[in-house]
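Features as listed in TrEMBL:
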- 15-239: domain 'BAR' (DOMAIN)
- 30-64: coiled coil (COILED)
- 134-182: coiled coil (COILED)
- 233-254: region 'Disordered' (REGION)
- 237-246: compositional bias 'Basic and acidic residues' (COMPBIAS)
Amino acid sequence: MARNPLKKTYLTNRPTLAYPAVSQDEDKQLDLLFRNLQSVEDSNRRLQKEMKRYLEAVSNAEKAELKLTSDLSSSILCHENSNLRKLVEDYHSVAAQKSEGASELLRVSQRTFLEPLKKFGGEFSGLAAVLNSHEQLVQEWKNIATRVKKLEERGDRMPNTIVKLEKEKQNLIAAAEAISSSHRRITEEFPVFFNKRIDYIQPTLQAMVRAQLDYHGNTTRCFTILVPSGPVASNSKDGKLKEPESTARQVSPSLLPESQFQSIIQSKFADIHSLSIVKNSSN
């Protein structure tokens, strides 16, 4: 059975302490860096999981609403009353348009949210590989240190033993230098990856918010057409409910430039703050 990629965690084992090959402060620095990156990986995995659950819920809700309006359309009660039949037919048309909007939401969310986060999560595999190599260096250093200690405790002054001890001490120094070099590389390169997480995730979240705005905005517009306060909506040739001629078309927020999008949001906030009820509540 294929493994669920959302359950795959790369950063699982905290780095082994390597004092005195490196200082205690350096050990703490590496441990803190590891835990920060582990938290980012966990957050990334949970974001993907919750988005999948959300999109599944949206899809199921749209299917249920289409089933509801379809059942209403075929009911005997609706065929006995022309006004009720017209309302149900219009509602079914709106539900069909909403379902198309939901399909677009799923497509956009997959392309701009789930796929980038999946790719981002895969980067932790490379980090884990570097940490595993570092861990092997630490374990090798510990093994050499154990052999040196045993040879020293034996107190054997035989030439062969002395030569072997000196060789192991040299190996120990080389192993410590390898650990120091690996530690320096990790503490220089990993923070760059950690500090770039916002630059990567923020556009992804912004794209998701815009997709939500587009979806829910279109949903609101569909129901506003269904129950208009002005001119009555009518059906187009393809059976879809269309807006009254007097209703102004709006460009999808996801298609606007960022500066224009922010300007519209600020303008709407200004309109809200200018309302008397807002002014009275703030006094």
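Using the three backbone atoms N, Cα and C, a Cβ is placed for every residue, glycine included.
Computed over the coiled coil (134-182), the whole-number mean pLDDT of the model equals 92. Long-range contacts of the coiled coil (30-64) within the same chain: residues 6, 9-11, 14-15, 95, 98-99, 102, 105-106, 109-110, 113-114, 117-118, 120-121, 124, 127, 131, 183, 186-187, 190-191, 193-194, 197, 201, 208, each at least 6 residues beyond the stretch ends and with a Cβ under 8 Å from a Cβ of the stretch.
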